[in-house]
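Quick notes on the structure that follows.
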Amino acid sequence: MERLNRNRSYQEELNFIEKINDYSYRIKLGFVPNMKVEGLFYADLPLEHLMFEELQHFCSCNGVGGFLPGVKQIGNVAALPGIVGKSIGLPDIHSGYGFAIGNIAAFDVANPKAIVSPGGVGFDINCGVRLIRTNLHERDVNPMKETLAQSLFDHIPVGVGSRGIIPMNARDLDEALEMGMDWSLREGYAWAEDKEHCEEYGRMLQADSNKISLRAKKRGLPQLGTLGAGNHYAEIQAVDEIYDSFAAKSMGINRRGQICIMVHSGSRGLGHQVATDALFNMEKAMIKDGINVNDRQLACARIASDEGQNYLKGMAAAANYAWVNRSSMTFLARQAFAKCFHTTPDDLDMHVIYDVSHNIAKIEEHVVNGKLSTLLVHRKGSTRAFPPHHPLIPVDYQLTGQPVLIGGTMGTCSFVMTGTSQGMSETYGTTCHGAGRALSRAKARRSLNYQEVLDRLNASGISIRVASPKLVMEEAPESYKDVTNVVETCHLAGISKKCFKLRPIAVIKG
């Protein structure tokens, strides 16, 4: 393991960071040891201030405390074997395990030394967002907002340790892990068209349930169809602004005030255990294969090795679990709305607009240095954003580009964007995923009062149902960067395009 150069002053560190334009910065070789490619990150002035403040704090305490700023993590990823292009940080980047959250990197599958790293995916494999539209207007919902919020809260199990109500045994779980949304469709928890509007059509074909440990399966079995805690939520939202009416209409959005439901959840304890198991195995693989990294949290294995392949197959199975999970909650949300409005989900036009992953690694084809290459793209805290006419996006969105779902923080707006050709060439067809933390969870708990946060949401006209009220401080808007700045930076940088904005009217949290 190489040690970071902790003796440089803040001013000396700044010599390695160069502003390219108003929205992007280059990290030069030498910023951390062993960099094989340069780094790149996107930020406007307010976000830039947060990035550099983090670096300045790191320099002032001489790196003591184990905390690494996002820019250093971008540099450490740029030192990994087999990386191509650049190590890229998005505007919502913040410090994470191994990779920063909001850090993307691609590795050349043809290079026998290229690696896969669980830290480049995260512990909540396929944590992601699904957006469901309705034909309801805000005026239809407002008189019964509290009833609807309670109905959603009653239907969807939430919170730490919550247990699902989808009946499942060990055999069902193995089938769900391998079949993804095809299992949901077979069991009657999804509509056929839901799959069409889902990244990977809701199923990663390389999934192998045999690569999931018994402990991971035991954690996952009771949790299917549950929201969980932390930053996971189900929100009833109203369309607040439409920026691109052509693209919005292709998604069934045609007026301000139209009601949507956003579900944000992942692979629960199963995905966490898959990552934990893989990290243990990869630390041994690194010794065996002589792999050196700057940060031991970047534990990795050669893509082609047994350890690398086992992780990718297990990760794919965990991703399938997450898609089944969001499909199960879609089923429950449809039931809740149908019950409240005394009609059917079909009559309410409760169709899935799209479902995206924010934590995943996938083999894709991209142009690097003018040559088409097969790459393993790690997206951690970031969203795939493929452009118009890309073969992997649905027919409905061929003219507009892939919908990109950007969740805000509790009580703030969310956005839908679309993928662009510029994003395809600059960021491997990837953009931001949300607001990105500005305060650590511990600092948020120390500095905020949960009752004040809840009162402020109520004063804003937002109905809220929370399983663990004291966890609310961790997810308060003050704990995060401004999602509007993040989205605007991506839009102005050209890596994705604004389509419409959503405003919360009811929030369900763990």
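A Cβ is built for glycine as well, from the same backbone N, Cα and C atoms used for every other residue.
Keep in mind that this is a model prediction, so the values were computed, not measured.
Residues C127, H358 are given by Swiss-Prot as Mn(2+) 2 binders; from H49, H264, that same site also lists H264.
Binding of Mn(2+) 1 is attributed by Swiss-Prot to D124, C127, and within the candidate set H232, H342, H351, H366 the record adds H232 to that site. DSSP assigns N359 (GMP binding site) to a strand. Comparing CA positions across the binding-site residues N231, H264, H358, T409, the one lying closest to D124 (Mn(2+) 1 binding site) turns out to be H358.
According to DSSP, H433 (GMP binding site) sits in a coil region rather than a helix or strand. The separation of H358 (Mn(2+) 2 binding site) from C127 (Mn(2+) 1 binding site), Cα to Cα, is 6 Å. Excluding C127, H264, H358 themselves, the residues of that chain whose CB lies within 8 A of the CB mean position for the Mn(2+) 2 site are, in sequence, D124, N126, G128, V129, N231, H232, S265, G266, S357, N359, G407, H433, G434. With a 10 A radius on its CB, D124 (Mn(2+) 1 binding site) counts 23 other CB atoms from all the protein chains.
T409 (GMP binding site) carries neither a helix nor a strand DSSP state and counts as coil.
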